[in-house]
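Read the structure below first, then the notes.
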Amino acid sequence: MHGLVVLLVCLAVGSAFAGTIGVSNADPFEREGRIVGGEDTTIRAHPYQVSLQNKKGSHFCGGSLINEDTVVTAAHCLVGKKIAKVFVRLGSTLYNEGGIVVAVRALTYNADYSSKTMENDVGILKLAEKVKETDDIRYIELATETPPTGTTAVVTGWGSKCYFWCMTLPKTLQAVYVNIVDWKTCASDEYKYGEVIYDTMVCAYEKKKDACQGDSGGPLAIGNTLVGIVSWGYACASNLLPGVYSDVPALRKWILNASQTL
């Protein structure tokens, strides 16, 4: 994930040109994973949520704990990252304090991930120590089927609360409820994306509500089931431009295999 300032500049450029060159022709680096319209929540309400951080404790991406030592996130969060410089904070409502911070012993991302199309945007991290479940730390299950369009889900994270002009991240975990849009519907004329939506993706939409920069890699969940991974989108909470997520059911086999072999 690019640094927040760099990402904001890229997103601003993307927004400025989207109207003239068309959504499908925009540079993929201008549409990184993007909580707008959300509200403060607690880690106890979403105990699977984790924060990926650098050595200084700066949050750069979200993730989901799926077992005692495995975190699922987006591939683009891990590209170029050195294991020794990545840490995971678990069990805290605040990204900058509380809970526990665990080092990472290994990480990988899908070999078929494309930074151009954002297909197969999934990766995992293996923690350096096993983490037991508590009231504030829980493993989340992987969905086996994509929920029908219109199903309500929740996306959480510490990402920017607005698009472009918010220069700091909220310290308190944010949550927003959105409605699932299957990939075929998301690629249809009903929305503005068209051919840039693929079968390893799922969308989620609610007017003036969305994930935003800093939320990348975080969970789109229904109950205790992970259905999506925050991946990308044009701007944040834009009209007829849903947030785009990696579809967990479509990528479940890869996640399980990587978790067992890494």
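Keep in mind that glycine also has a Cβ here, set from the backbone N, Cα and C atoms.
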> Which of these, Cys186, Cys236, shares a disulfide with Cys203 in Swiss-Prot?
Replying inline: Cys186
> According to DSSP, which kind of secondary structure is Cys203 (disulfide bond) found in, if we only use helix, strand and coil?
Replying inline: strand
>> With DSSP assignments reduced to helix, strand and coil, which class does Cys61 (disulfide bond) get?
In response: strand
